[in-house]
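A.B. asks: To start, I am sharing the structure in question, which I have written as structure tokens.
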Amino acid sequence: MMSKSKIIYTLTDEAPMLATYSFLPIVKAFTAPAGIEMETRDISLAGRILSNFPEFLKEDQKIGDALAELGELAKTPEANIIKLPNISASIPQLAAAISELQAHGYAVPNYPADPTNEEEKAIKASYAKVLGSAVNPVLREGNSDRRAPKAVKNYAKANPHSMGAWSADSKTKVAHMESCDFYGTEKSVTVENASQFKIEFVGTNGSVKELKGLAPLKAGEVIDSSVLSITALKGFVADVIAEAKAAGVLLSAHLKATMMKVSDPIIFGAIVEVYFKDVFAQFADLFKELNINPNNGLGELYSKIAGNAQEADVKAAIDAAIANGPALAMVNSDKGITNLHVPSDVIVDASMPAMIRTSGQMWNKEGKQQDTFALIPDRSYAGIYTAVIDDCKANGALDPKTMGSVPNVGLMAQKAEEYGSHDKTFQSDAEGTIRIIDAEGNVFMEQQVAVGDIFRMCQTKDAPIQDWVKLAVNRARLSATPAVFWLDKNRAHDREIIKKVNKYLPDFDTTGLDIRILAPVDACKFSLDRIRKGEDTISVSGNVLRDYLTDLFPILEVGTSAKMLSIVPLMNGGGLFETGAGGSAPKHIEQFIEEGYLRWDSLGEFLALGASLEHLSQTQNNPKALVLADALDVATEKFLATDKSPGRKLGTIDNRGSHFYLAMYWAEALAAQTKDADLAALFAPIAQEMTANEAKINEELIASQGKAQEIKGYYHPDFDLTSKAMRPSATLNAIVSKLG
Ligand SMILES: NC(=O)C1=CN([C@@H]2O[C@H](COP(=O)(O)OP(=O)(O)OC[C@H]3O[C@@H](n4cnc5c(N)ncnc54)[C@H](OP(=O)(O)O)[C@@H]3O)[C@@H](O)[C@H]2O)C=CC1
Ligand SMILES: O=C(O)CCC(=O)C(=O)O
Ligand SMILES: [Mg+2]
């Protein structure tokens, strides 16, 4: 009897959500004959909101907490989850999703930014579970292995993407603080025995306030604390503003307000306040009355002053500040959206490589490219971008035709490092000390804080570190490639990690392998030198660099991180297969709604599906799944060779057309293989019909382009309308439905 195998396919947001409407019916039809149940779970922003507020909903509107369920599943050996990118919501995005759901008849509560009673406090606490990077850290019960498969790399070498030229006198640079940042203040200790910790604020008068109640610590865990001084930050921002103005360059801020949902919106807000200091001074009373929070950006400010008697005055003052300041980098120059409008519009992992690919320039308000000062205030990782920029100034743009590759093995499991720190991050409202103590009151660490300073504590558990070292050695062995641990001995946290790396490396057979530990800037230079010689170098990094490097190098090497294979071998034996290493490409859904064209590239989904099927064949003893996986591999190679990724322009095949070709090639490969006669017989007529109808299907797909789409929603579109929009070829649908 055929074993019953289950794969969970996640429903998410924006472009990947749209793509799923087209791709998933194909996947379900193709995998069913192998006894595979393809189940879906809704972890979209809208779905997360609905599942958190059942008491506000009608009976038939309630949905289960799919995220919590998958979080538990990820800890079991049975887990086989395909995870598409999802929105990590900023407050403006959360507010927009809430309004849309309310307009759709879901009585979810408004977001209470400043709760005034217990009920509002509870609502805010529930929304805190939805905000920011609420999904990935829950599912990532394993470390990360991200790389460009050989076929993808070869495709990029043969079909190089555009790469803006660099000039040696480019004025572009990264601006960072020199002191009083997280890097400079970091303290770190390794906790030898299992214990507990809590976080307290102690005022200058000795009064004590608990910031976080007792929580467990495992033996061998590394804990850190650090502080970023808000006064130092503001002084630094003011200096860079003056310098950028004098240099005649654009100013832009590159943060991670999504994953770092507590600290980075505050840093973003400080930049907004300093840049618009005259506006904030002139309208202090009005802004207080309207509850304007600079952390939510200029966009929210504009919407809150709309209709106010002083609206025109405020707008004039903002315009004057921009005219008088260094010009701001634009997110959308046609619509006048600056880099300081929404904290989640410019996200450092994707935004810095996009700038480096574009000659180190961003867009000004005329829609023209211009050199830019990129504000990345904290020094922990800013230096790697300086290393790449300096390299491009000295040697010109990198060349996708010849450049080597930098795959990554990232420490990520169990909310490692900064990306798990939001429940231990606080903005101090008074001067004093914040300390981390154990249940008996013994002090692990303490930090001085002033009003407004950001205190942060991070945790990194020992088992994930051991697993990460093992993964790094395995990857170095499997790819016969040097591996570099990007760790800085001048940083307190990294010093603790270096000790552990040195302790655990001897547990594995490293004979003949080239494994080194280098500080991030040196590791970056070392990797760049090799890249220019066409050589590959594995980066073995902590969680933040995992995120940064898996956009940086892929975007330079293969044009987009959507083409990455992103596997998370879960520590308890399951598999989490992320689709690509990038995000949900918000501008793609806008293009789809405006003109019926979706240029989302689903290659990441194809790669993840292949890896998921392969994992399933091994863990569920399902040989047919392996036949499907092998055939999908053949199909993906042909897909790349025949260049069937979506074009950028109307009238060429888009995401839907690319799914048709993948399906056709997959059916062909299944028909042609000889390992499973039943599958070959089943798919032969499907392949034949698809091939015979290729022109007709393309015609039907392309005919649906060029008009606005009405899917009744951005965060929570109508299922039937979206399904119709994403499956416009009756001929293709009829062939797929023959599979049952
Ligand atoms: N794993 C996850 O869940 C992740 C989620 N996110 C979330 O995604 C959202 C957007 O983040 P952002 O920083 O803008 O990064 P994105 O990666 O979504 O977008 C940057 C740009 O990359 C290109 N791109 C990305 N993926 C594809 C694809 N599959 N096909 C074609 N082009 C692609 C597009 O531009 P162009 O082609 O013009 O270069 C896109 O506009 C945020 O809400 C963020 O929280 C972000 C990262 C990971
Ligand atoms: O969870 C998020 O917000 C983004 C994740 C991300 O950028 C990544 O893992 O590469
Ligand atoms: Mg990322």
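Glycine residues also receive a Cβ, built from the backbone N, Cα and C atoms like all the rest.
Caution: TrEMBL annotation is automatic and unverified by curators.
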A.B. asks: Kindly point out which candidate in Asn52, Asn136, Asn543, Asn693 is recorded by TrEMBL as part of the NADP(+) site with Lys83, Leu84, Pro85, Asn86, Ile87, Ser88, Gly583, Ser584, His588, Arg599, Trp600, Asp601, Arg648.
C.D. replies: Asn136
A.B. asks: Looking at TrEMBL, which one out of Asp345, Asp349, Asp371, Asp720 binds Mg(2+) in the same site as Asp547, Asp551?
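C.D. replies: TrEMBL lists Asp547, Asp551 binding Mg(2+), and from Asp345, Asp349, Asp371, Asp720 it also lists Asp349.
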A.B. asks: Under 6 Å from ligand 1 by C-beta, which of these binding-site residues make it: Ser133, Val138, Arg146, Arg546, Asp547? Sequence order, please.
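C.D. replies: Those binding-site residues that pass the cut-off are none, since no Cβ is under 6 Å from ligand 1.
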A.B. asks: Mind checking which of Lys83, Arg546, Arg599 has the fewest other CB atoms within 10 A of its CB? They're the binding-site residues.
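C.D. replies: Counting other Cβ atoms within 10 Å of each of the binding-site residues Lys83, Arg546, Arg599, the minimum falls on Arg599.
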A.B. asks: Of all the binding-site residues here, Pro85, Pro137, which one's CB has the most other CB atoms within 10 A?
C.D. replies: Pro85
A.B. asks: Tell me which residues of the chain lie with their Cβ under 8 angstroms from that of Arg140 (substrate binding site), as long as they are six or more apart in sequence?
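C.D. replies: Those within reach of Arg140 (substrate binding site), by Cβ under 8 Å and sequence separation of 6 or more, are Ala74, Met412, Ala413, Val568, Leu576.
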A.B. asks: Asp349, Asp547: which of these binding-site residues has the sparsest Cβ neighbourhood within 10 Å?
C.D. replies: Asp349
A.B. asks: For the binding-site residues Lys83, Asp547, Arg599, which sit with their CB under 6 angstroms from an atom of ligand 3?
C.D. replies: Asp547
